[in-house]
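TrEMBL annotations:
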TRANSMEM  72-90  transmembrane segment
DOMAIN    75-154  domain 'Potassium channel'
TRANSMEM  102-121  transmembrane segment
TRANSMEM  127-155  transmembrane segment
TRANSMEM  196-216  transmembrane segment
DOMAIN    204-272  domain 'Potassium channel'
TRANSMEM  250-271  transmembrane segment
């Protein structure tokens, strides 16, 4: 290979230099320097740099999966420690039956943070009353933001594990099996009815566990045990009944924290189920109502007098609330329909296909 050819290869694109060199080595008659100067041109777009930029862009920043859990646990320890210290040094400024200073302080902090308010331990001096006001406000925001975030993280992680297990079973056996009853394949999530059922089961389990402890440890009858357990789990806390023994308060400090979070999650799932049901009702009404002339004119996005399948699909999606922005990329929908259909004219059969596609993704 000549020196001129070698210099031209170095000036050119470095990513294509080995292939050009092999090509020149393989040819029987080496080209002249003039031909090399005409054939080999310097790359103005730097494809190697573009590839490297794309590689770095695809690497998204990943936050630690346990950062939220660690932060919540750290702040919870600080919050409870502060409450225990203040209560321990001001025991005479609180009314109520005493069992153990640390256990009573821990029990008071949990009851305050969960906004139950039994009234068995209450502040009686101005200082402790001001402290209780600040403590309950901070605790209310803490349990609302951080602890709810931890619960969301744990439940999302569990849902992702179930979805991953279903996908692996589908890939290995060709069918989901029992997982199909748990996972909504079309939406890629757990079925909302299953979430509501699990939340209700967790609430009933908390009520039953609390009733057993109250019956055997606090020496209450079954009616009072269930009554106090329900009032505690729902954060009502009338104050006519409360935990008075040392083991009972120690159990309540842990039980109340998880029970109130379970009840809050159950109510959120109830609201999600109602909203999902309302969305399905609206979608059914949109897809099943008769088409009017006004609908045809409104669906004609190009205003060219012709209605394509993609335009009609976008119009129906807007009616169902699936598309909110008016700057939706119409070309994406057009290309998707062209890939699945040979023609672009809209027919009544196409309307049935579109309706079947949209209604098929509903939860059975």
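Positions of Cβ are set from backbone N, Cα and C atoms, glycine also.
As a summary of secondary structure, the domain 'Potassium channel' (204-272) carries 52 helix, 0 strand, 17 coil according to DSSP. Outside the transmembrane segment (250-271), and at least 6 residues removed from its termini, the chain residues within Cβ reach (under 8 Å) are 103, 106-107, 109-111, 113-114, 116, 143, 147-148, 151, 155, 192, 195-196, 199-200, 202-203, 206-207, 209-210, 213, 217, 232-235, 243. Counting residue by residue with DSSP, the domain 'Potassium channel' (75-154) contains 60 helix, 4 strand, 16 coil.
Model confidence over the domain 'Potassium channel' (75-154) is summarised by a mean pLDDT of 86.
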